[in-house]
Amino acid sequence: MSDIVDWTRATAAQMAAALQAGEITSVELTQAHLDRIAAVDTDVHAFLHVDTDGALATAREVDAARAAGESLPPLAGVPIAIKDILVTEGLPTTAGSRILEGWVPPYDATVTRKIREARMPILGKTNMDEFAMGSSTEHSGYGPTRNPWDLDRIPGGSGGGSAASLAAWEAPLAIGSDTGGSIRQPASVTGTVGVKPTYGGVSRYGAIALASSLDQLGPCARTVEDAAYLHEVMGGHDPMDATSLNEPVPSCVEAARQGREQDLTGVRIGVIKELSGEGYQAGVEQRFEESLEKLKTLGATVVEVSCPSFTYALAAYYLILPSEASSNLAKFDSVRFGMRVEKATIEKTMGATRAEGFGDEVKRRIILGTYALSAGYYDAYYGSAQKVRTLIQRDFAAAFEQADVLVSPTTPTTPFKLGERIDDPLAMYLNDVATIPANLAGIPGMSLPSGTAPEDGLPTGFQILAPAHEDARMYRIGAALEKALAEEWGGPLASQAPELEVAE
Amino acid sequence: MSTMTYEQAMEQFDPVFGIEVHVELNTATKMFCGCANEFGAEPNTQVCPVCLGLPGSMPVTNQKAVESAIRLGLSLGCQIRESSRFARKNYFYPDLAKDYQISQYDEPTCFEGSLDVVLDDGTVVTVGIERAHMEEDAGKNTHVGGTGGIQGASHSLVDYNRGGVPLVEIVTKPITGAGARTAEVARAYVATIRDIVKALGISDGRMEQGSVRADVNLSLRPKAAAGEDQDAVPFGKRSETKNVNSLRAIERAIHHEAARQAELLLAGQPVIQETRHWHEDTGSTTPGRSKEEAEDYRYFPEPDLLPVEPSREWVEELRGTLPEHPAKMRARLKEQWGFSDTDMRDAVNADALDLIAASVEAGAKPQAARKWWMGELARTANDRDVPLRDLPVTPEHVAELQSLVDAGTINDKLARQALEGVLAGEGSPREVVESRGLEVVSDDSALEAAVDEALAAQPDVLAKIQDGKIQAAGAIVGAVMKATRGQADAGRVREIILQRAGVEG
């Protein structure tokens with residue numbers, strides 16, 4: 001492996017192996033990523049905060065521990081980027097909002113703690129749509145992130161910063177959060193891998209809540225195997241999160257290994273009829289079909305399934321999410337933390353702070369949610385939306401009778417241009433049409449690259465959905481497809497991205 | 001100011017009332033986090049990311065609080081829902097850390113119960129219970145500057161120690177038919193709840209510290225004409241008087257509100273449906289937020305918590321742990337202790353029943369225990385303006401004190417001095433008797449000397465005694481008691497006097 005010249009281009013698994021073999025130190029690896037961030041992040045703007053000193057301090061500790069012969073966790077010394085939605089003790093955390101500018105949390109999220117216990121240097125906090133509301137990162141209070149494939153295009157959202165940091169070789173791994181597609185959609189449009197685990201599979205404690213019944217943290221990586229390693233670090237029961245599943249972490253790494261053996265004999269793949277056709281870009285559908293063919297050559301059978309209630313998914317989602325968000329975001333009231341715009345009375349202070357601190361998209365959703373929960377409207381809106389949720393769960397249950405996993409394109413289109421949909425919330429919301437059903441049902445989903453669209457040369461994504469608790473299935477099938485595609489491409493898709501200009 | 005009296009109001013109107021009682025549970029930790037649930041700590045020392053509502057934090061339900069709520073519900077005859085949910089009650093207020101309160105809304109854990117309340121004269125009133133649900137308490141605002149209220153304050157301070165303390169809110173159904181006894185029923189109901197939570201051991205039941213708080217709803221409707229059904233007359237508009245925090249205040253608040261509403265109605269003015277605040281000092285209420293402009297709380301199921309789903313086996317197991325109903329227990333104790341109605345009522349009203357019971361348990365005779373707690377100690381508590389149970393005297397002290405009297409080591413007068421010492425923190429009664437040298441003088445030679453001295457000083461009295469006027473000996477007893485600073489046994493002194501005078505008692 002010593003033929004690797006630029007370690008930022010390696011996979012996390014390769015980095016971990018090289019660290020264990022003593023071919024490289026964590027300080028060298030971490031510094032290489034910090035240098036890359038310094039070189040390209042002015043353009044990409046994946047990071048809101050870079051913790052050079054903290055990352056290098058962790059790296060030094062890991063190197064010292066390794067030199068002393070201590071036994072270390074598998075990813076010890078491999079650097080990581082964390083979406084700014086996760087609280088990090090001692091590191092600024094804003095969730096992309098001005099209302100939290102300068103706030104330094106006094107505690108760690110459970111996942112942050114697990115990352116620290118895994119001895120992974122934290123490079124910094126990645127940009128996101130404010131409070132994870134958006135599909136383009138344009139709604140960040142601190143300016144948009146740009147897609148490394150084309151700096152004029154969106155990197156997806158809300159986790160555009162995490163996905164872009166991977167595509168720009170600024171970090172080998174990142175943490176994301178997925179409420180309606182905020183891990184999978186950015187992965188799709190940046191040619192990377194993103195996984196939303198089963199609801200409850202990863203603790204939400206310390207993840208700033210958008211919509212509690214939909215939010216789930218998950219791994220972002222450039223390969224399925226790397227995502228599997230990170231998934232196993234993040235996952236597991238947490239007594240601090242009442243909705244956390246009390247069951248062992250799925251064997252994602254082992255499943256990915258099995259997948260690379262390229263034998264999918266007997267695996268039934270269900271194509272969701274409703275997630276194709278109108279609104280889907282030709283190149284996106286073409287790459288999706290080609291991926292299906294690849295899966296067939298590996299022995300899988302492909303069937304078509306129907307999920308008729310998906311028609312209502314977007315509408316239900318845009319009632320449930322704003323409703324829960326309107327309540328979750330009430331705490332940003334200036335009293336205990338964050339921004340305060342001082343006025344004569346506390347009511348006016350709260351109002352003025354929220355008026356100044358929140359961006360337009362956040363206000364839009366708070367207003368929507370406040371109406372949807374109001375007396376007299378609750379049954380028609382929130383109540384009905386919850387019923388749709390039940391219907392969608394039934395659709396999935398029926399579909400999983402016919403197939404082991406369900407698949408679709410992750411997003412209907414390749415990344416659009418910055419500013420193109422900023423004034424058209426509905427067009428923006430349609431971006432998540434294929435990813436939202438998994439959140440409404442609580443099932444796991446993965447997006448991995450299926451290629452680039454012939455018409456624009458931009459990445460397209462392939463989504464795999466599995467029944468709840470069966471996260472490992474996605475890793476097996478994803479790894480199998482990834483290997484088959486990489487053989488055809490002559491390497492990972494990310495390597496096809498144009499080189500970014502490097503600042504001196 | 002109202003010129004109407006409660007009695008006058010009751011002559012003309014039929015009252016309908018309901019009570020919401022908030023019980024603070026005495027769990028070791030708060031409702032949704034691991035912070036200590038203790039009263040009186042330094043502000044903001046019992047807080048964590050969860051009860052401060054910091055971004056990212058999440059609640060976890062305290063199972064002990066669920067157990068307490070279910071036991072309370074069972075004591076109130078409630079059904080226990082197989083699956084109940086928490087809900088968020090959304091409103092902005094600085095003492096509410098998350099700007100929503102986790103409560104229960106459409107699916108309370110305990111519902112449809114009833115409670116028998118026994119009035120002083122033995123009348124039993126059955127109060128319907130609508131629901132008993134769990135929720136978290138808010139923090140506490142302190143307004144600085146001005147008069148202590150929010151008006152005119154320069155700024156406000158918030159203490160979140162109380163934020164997240166577990167509460168059970170018990171809501172009655174509308175109570176009708178109590179008529180002029182409404183205030184009495186209301187008071188007895190709250191007293192019964194207080195006694196139940198104490199007997200269950202789920203709350204210290206201390207109204208003065210706010211661990212049992214009541215909101216009183218009251219409305220008046222016209223009295224039905226003779227021969228007509230009162231229940232056919234629709235309810236009037238109600239007021240909800242908040243934070244009525246003593247048994248006496250409950251009676252007073254109902255007296256005040258009934259008179260106020262009656263006066264309005266008789267003047268042809270409407271009663272406004274509103275929240276009112278109780279003022280202990282003036283014995284009156286003032287309007288708070290009116291319901292018309294009240295906030296919409298936008299309740300919805302709390303997505304951060306799983307439903308509460310107690311197994312039937314567990315519920316039945318908890319049912320087996322319930323103590324006897326306070327009224328039954330009182331009847332039993334009254335019988336066992338041989339107390340009069342008045343003795344019993346006074347003890348209940350003074351919240352001394354468990355103190356007396358514990359003293360009896362420690363060995364005191366019931367009447368003696370009652371005498372100490374309701375006499376000397378009740379007076380001291382009153383002088384010090386503290387609840388009886390906050391005096392530095394334990395039931396064991398009382399039992400020990402009485403045993404010293406029964407053994408003749410001290411007499412009643414010395415016992416009071418010993419108690420003084422205990423109250424002053426000088427130790428147990430036995431220790432105080434020793435350190436203050438309070439034993440009765442039982443050495444006959446010392447007594448004989450004192451008697452001789454007294455007789456010599458009053459020869460005329462000696463003559464009277466010898467003439468057969470034995471009652472005259474009292475003067476000599478008094479002199480001897482004075483000379484021995486009360487430490488002599490008066491009976492023995494009398495015997496010696498008669499002996500010396502040569503007459504037989």
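Each Cβ is built from the backbone N, Cα and C atoms, and glycine gets one as well.
Its Cβ taken as reference, A:LYS83 (active site, charge relay system) is surrounded by 31 other Cβ atoms within 10 Å in the chains shown. Taken from TrEMBL, the feature active site, charge relay system covers A:LYS83 (among others).
Sequence-distant contacts of A:SER158 (active site, charge relay system), defined as residues of its own chain at least six apart whose C-beta falls under 8 angstroms from its C-beta, comprise A:ILE85, A:GLY96, A:MET128, A:ASP129, A:ALA132, A:MET133, A:GLY134, A:SER135, A:THR137, A:HIS139, A:SER177, A:THR179, A:SER182, A:PRO186. The feature active site, charge relay system is assigned by TrEMBL to A:SER158 (among others).
The feature active site, acyl-ester intermediate is assigned by TrEMBL to A:SER182. There are 36 other CB atoms within 10 A of the CB of A:SER182 (active site, acyl-ester intermediate), with all protein chains counted.
The domain 'Amidase' annotation in TrEMBL covers A:28-473. Model confidence over the domain 'Amidase' (A:28-473) stands at 97, taken as the mean pLDDT rounded to a whole number.
Same-chain residues lying 6 or more positions outside the region 'Disordered' (A:136-157) and placing a CB less than 8 Å from one of its CB atoms are 40, 43-46, 48, 94, 96-99, 101, 126-130, 163-164, 167-168, 182, 185-191, 359-362, 411, 415-419, 421-422, 428, 431, 458-459, 497-498, 500. Feature annotation from TrEMBL assigns region 'Disordered' to A:136-157.
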Per-state residue totals over the region 'Disordered' (A:136-157) - DSSP helix, strand, coil: 0 helix, 3 strand, 19 coil
